[in-house]
Amino acid sequence: MKTLLEMSGVSVSFDGFKAINNLSFRIGEPELRAIIGPNGAGKTTFMDIITGKTRPDEGRVLWGEKSVSLLKMSESQIARSGVGRKFQKPTVFEAQTVRENLAMALKNKRGPFDVLFYNKTRAGAERIEEIAAEIGLSDQLGRVSGELSHGQKQWLEIGMLLAQDPRLLLVDEPAAGMTPAEREHTTDLLRRAAQKHAVVVVEHDMEFVRRLDCKVTVLCEGSVLAEGSLDHVTANQDVIDVYLGR
Amino acid sequence: MSSFFAQNKSVAWFLLALALFVLLVTVLAPATGTGFLSTSFVKTLGKTLCLMLVAVAMDVVWGYTGILSLGHMAFFGLGGYMIGMWLMYARTELIIAESLRAAPIPPTPEEIHDAIGQQIFGVVGSADFPWLWGFAHSFPLQLAMVVLVPGILALVFGWLAFRSRVTGVYLSILTQAMTLALSLYLFQNEAGLRGNNGLSGLQNLPGLDAVPQSTISIWFFWGSAAALGLGYLLFAWVVSGKMGSVIRGIRDNENRVRFLGYHVESYKLFIFTLTGIVSGLAGALYYPQAGIINPAEIAPIASIYLAVWVAIGGRGRLYGAALGAAVVSLLSSWFTGGGAPNVNLGVYTINWTDWWLVLLGLSFVAVTLLAPKGIGGIFDLFTRRHPVPERVGDFGPDMGAHRTVEGEEEK
């Protein structure tokens, strides 16, 4: 398993508050990793740093075989180089149809003129159908996505993530607002994606994390508190103190 | 192409309506038809078509991409200035050549050039051509300036503004500052565009003195209609398909578009510059019909009016913006031109030339609050089968969906 992303010594503070404190993290490809931690542990900031939304005060974030630094790249460059993100709150383009949302996410050239002269292809349409089938929205392709239920929007956003075909999938609370059956489907999907790609899942729901059956990283106050299997970290006294025992 | 019209039925309807309107005006115009309409009214209609074009461009920038530019009339005015420079130069050149022909010694080209300078800049107490007028003698070069000057201004301004991620109301203020600065600069005599006198006599096309204004007016009307039709087609194509999807995405949530890998700034810059260029072209067709352009035309208020037209017409649909511009600008000239009868209330007489702006302001507020879809929304009543939901945002988790409270273990 080769390293896809490596963060070392990363710190970031907002108005003196250290949201991330000397954090080091690495993930290989393929790998599935769950990140848990109490509120304010820095889980979202962690994703913000990888995707380029937040610039760390210090530290390194290296990406890929050539170990290029993500810190010098813009958000869109990072996304193009293969980092896909699903937000905690489903953020889809509500005024547009499910098909348009997926088409926008579909892996293609991203320049303005490429997009202006873009012609719909059969292969693209088939890929959209395929993803729609995977996320259970085949019948909804023509619907305006603002009309979808919360759970369906979650699915749509997962579909958009798949359509981007990223190498690293950052998934923030995928199971929120889903029915038990849907949650099971989500775990299957993430585990399947993790056979080829690197997948990082932030989740509060222990049952969900247990079903993912993967290495777990516990974040607390901006740094890694423990790392290992779920059983290993839940047996850790520090983890029990800050997170589980309350 | 046929599938483009099939998917965008409103484009075909708009072009059909425009063609019928052109036919009607042609039949009623003094030069080509019965003369039911006056020459000045044909000019008003031609100018209105140019305003409709710039409103369509504004709708692409604001209604589709979500950039509330309050500076697009600067590009419109610059287009007018650029064509006006050639019109003034070429016509003055003909007049000078005519008057010097009787001289015993034929004038040298320098003498003619100096005499033109004296004629044009005498009004601001100067006789030398500023460098700005370097291309004014050549129609093709000055026509290129119509495209290049607004285009480059939009490109540079947009690059600076979007690169610094200025958005929302701050960007609007910045665009206002741009148009104000440009207008104040042009007010100066030293700027080389005749200060507050502006450029005048633009309705007289060089070498066409024999052609009556009634004929010229219908030519420009046709030209404006063709420009509107082509511009509408261009923008309808831009906002359809994937480009439209991305720019509407930028309007609704530009960060999300960024995380999908699109370089948002390039898209904004592309739209801003393209619409700036089309606005310049619209201005180049407008001002020869208006006959005069001065720096007051690019005062900040002009661009605010543009936004008001688009808001009243209905943002986010091109025909709405075009209709808004037509209705409001024609009503405006009716009210302010003394067309509307004064209302005598006994104690007070409502004089519409004074009260029109109040009425316009009230209708703007009313449309914003009561009918956000504007005039274009009327068409939804009998066309759209799948209306966009009024409400955007979360509908909340499904009933029965599993929910946990953060930090708590499963029970």
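Each position is counted from 1, following the chain as shown.
Even glycines carry a Cβ here, placed using N, Cα and C.
Feature annotations, courtesy of TrEMBL:
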TRANSMEM  B:41-62  transmembrane segment
TRANSMEM  B:69-89  transmembrane segment
TRANSMEM  B:139-162  transmembrane segment
TRANSMEM  B:169-187  transmembrane segment
TRANSMEM  B:216-239  transmembrane segment
TRANSMEM  B:266-286  transmembrane segment
TRANSMEM  B:292-311  transmembrane segment
TRANSMEM  B:318-335  transmembrane segment
TRANSMEM  B:355-375  transmembrane segment
Interface check, the transmembrane segment (B:41-62) with the transmembrane segment (B:139-162), three or more C-beta pairs under 8 A: no
The transmembrane segment (B:292-311) and the transmembrane segment (B:169-187) contact flag, 3+ Cβ pairs under 8 angstroms: yes
Interface present between the transmembrane segment (B:69-89) and the transmembrane segment (B:266-286) (three or more C-beta pairs under 8 A): yes
Winner by Cβ pairs under 8 Å against the transmembrane segment (B:139-162), considering only B:69-89, B:169-187, B:216-239, B:355-375: B:69-89
Distant-in-sequence neighbours of the transmembrane segment (B:216-239), which means Cβ under 8 A and at least six residues beyond its ends: 4, 8, 10-11, 14-15, 18-19, 21-22, 25-26, 29, 31-32, 39-40, 42-43, 45-47, 49-50, 52-53, 56-57, 59-60, 64, 203, 205, 208, 247-248, 271, 274, 278, 281-282, 285-286, 288-289, 318, 322
